[in-house]
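One structure below.
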Amino acid sequence: MMGLDSSDNINTPLLLTQSQSHPIKRTGTLWTAVAHIVTGVIGSGVLSLPWSIAQLGWIVGPFSILLIASSTLYSAFLLCNTYRSPNPEYGPHRSASYLDVVNFNLGTGNGRLCGFLVNICIYGFGIAFVITTAISLRAIQISISQHNKENETPSEFADAYYMLIFGIVQIALSQIPNLHDIHWLSVVAAITSFGYCFIGMGLSIMQIIENGYAKGSIEGISTSSGTEKLWLVSQALGDVSFSYPFSTIMMEIQDTLKTPPPENQTMKKASTISVAITTFFYLVCGWAGYAAFGDNTPGNLLTGFGSSKFYWLVGFAHACIVVHLVGSYQVYCQPLFANAENWFRLNFPDSEFVNHTYTLKLPLLPAFKLNFLSLSFRTAYVASTVVIAMIFPYFNQILGVLGSISYWPLTIYFPVTVYLSRSDTDAWTAKWVMLQAFNVFGFVFGLFTLIGCIRGIVTEKLG
């Protein structure tokens, strides 16, 4: 869930509804596109995959990862051909963002719906980042307490304090005008995301060796009833779908590619390579985590190693998560800030509160600019994500809801609808039936996982 050092090129256009001016020279290659996709997809969601496989079992678990990876790749192939119009290889019109594609091919009505869904997902990502950060900070404290043989460990109520600390940091960082000023934060966050993923995989493999055998079963964790198993399966599938937030950054990455060869050809190759790498990574991490813990697989893989003799490595991995999420929060929210503030400035051009910027100079600090709209809106936004995270601090269920909301409309419905609007595919032909079946499958799958994850949140809250 993280962008590369060019994250402002990748993520900023997500919230825009009109084509932007493009750089004169595009220098991206197959391998830079692969790097962007892999780094943009792999993130904290990978830590929930062992829990997902634990609910689904040895056969259905990996199969669900392969199924969602395949559908994501097929969707990417459909989107690759929409970057240029009317010809997918030589058309003069370029769509620099996902919303550009929807607006240009399906009209502003669909564009508004798409924008709303993207904004909801970004807001949800912020909530998930707050929850995950609190879990990691508490895990660090527990690990230190156990190592020092202290009887007192932090309660779950301590999460609220960690969330407040994270919120204060994000309020300060949110006052940075835009992503162009925080390249360094994106670079550090990208590096740390790979760090904690590899540590989690390595510790899981070491745990399997220590156990002497691989835990787990074909049917997954047993439950008290078939109904309870069904809801846990739906939550697990929602978590898996969250692990492939790929479609919404496709156009931004394709817009960086040089020609020849045509961008769509390069992007198809890059998508295939990237999904293969990511899926292999996910399968190994999910398999190793489940094999290490079996029925006791935690919702967040790293929290299962709190008492490990490698506590210092576990603590470092959790610290990497915190650093990663500090950067991720800004990478995803800064575009939303810019879009909202531009809307206010467009509609209230005479408002001093909205438009006037003050320059402040404090002792020992460089001068910085302050706008009251930015200060109030961004502070309120961050505060709202922290408050909701405090009310619903449920890691796996929140990830599942986000994956369920975004999977069908953003990964399947819009790519299929855009493709059909551009092609000469006749109704009820074999190709048309296949695409519509793909669309219906995505809708049913997304609805099933959404209901299960919402039920999980309600059950956890009431329980």
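Please read every residue number as a count from 1 along the shown chain.
Cβ atoms here come from the backbone N, Cα and C positions, even for glycine.
If you look up TrEMBL, you'll see 26-457 marked as domain 'Amino acid transporter transmembrane'.
Here TrEMBL flags 30-49 (among others) as transmembrane segment.
Here TrEMBL flags 56-77 (among others) as transmembrane segment. Here the transmembrane segment (56-77) has long-range neighbours at 49, 216-220, 233, 236-237, 240-241, 243-244, 246-247, 250, 267-268, 271-272, 275, 278-279, 282-283, 286-287, 290, 407, 411-412, 415-416, 438, 442, meaning same-chain residues at least 6 beyond its ends whose C-beta is under 8 angstroms from one of its own.
Within its own chain, the transmembrane segment (116-140) has Cβ neighbours under 8 Å at 1, 14-15, 44, 98-99, 154, 156, 158-160, 162-163, 165-167, 245, 248, 300, 302-303, 306, 314-315, 318-319, 321-322, 325-326, 328-329, 332-333, 335-336, 381-382, 385-386, 388-389, 392-395, 398-399, 401-402, 405-406, 409-410, counting only residues six or more beyond its boundaries. Annotation source TrEMBL lists transmembrane segment at 116-140 (among others).
Feature annotation from TrEMBL assigns transmembrane segment to 160-176 (among others).
Feature annotation from TrEMBL assigns transmembrane segment to 182-205 (among others).
Marked as transmembrane segment by TrEMBL: 270-290 (among others).
Sequence annotations record features per position, and here TrEMBL assigns transmembrane segment to 310-332 (among others).
Counting residues 6+ beyond its ends, the transmembrane segment (370-392) has Cβ neighbours under 8 Å at 123, 126-127, 129-131, 134, 159-160, 163-164, 166-167, 170-171, 174-175, 177, 333, 336-337, 340-341, 344-345, 353-360, 398, 457, 461 in the same chain. What TrEMBL lists as transmembrane segment is 370-392 (among others).
For the transmembrane segment (398-420), the residues of the chain that approach it from at least six positions outside its boundaries are 45, 48, 68, 71-72, 75, 78-79, 81-82, 98, 101-102, 105-106, 110, 113-114, 117-118, 120-121, 124-125, 127-128, 131, 234-248, 392, 432, 435-436, 438-439, 441-443, 445-447, 449-450, 452-454, 456-457, judged by C-beta separation under 8 angstroms. According to TrEMBL, the transmembrane segment annotation covers 398-420 (among others).
Look at TrEMBL and you will find 432-458 (among others) tagged as transmembrane segment.
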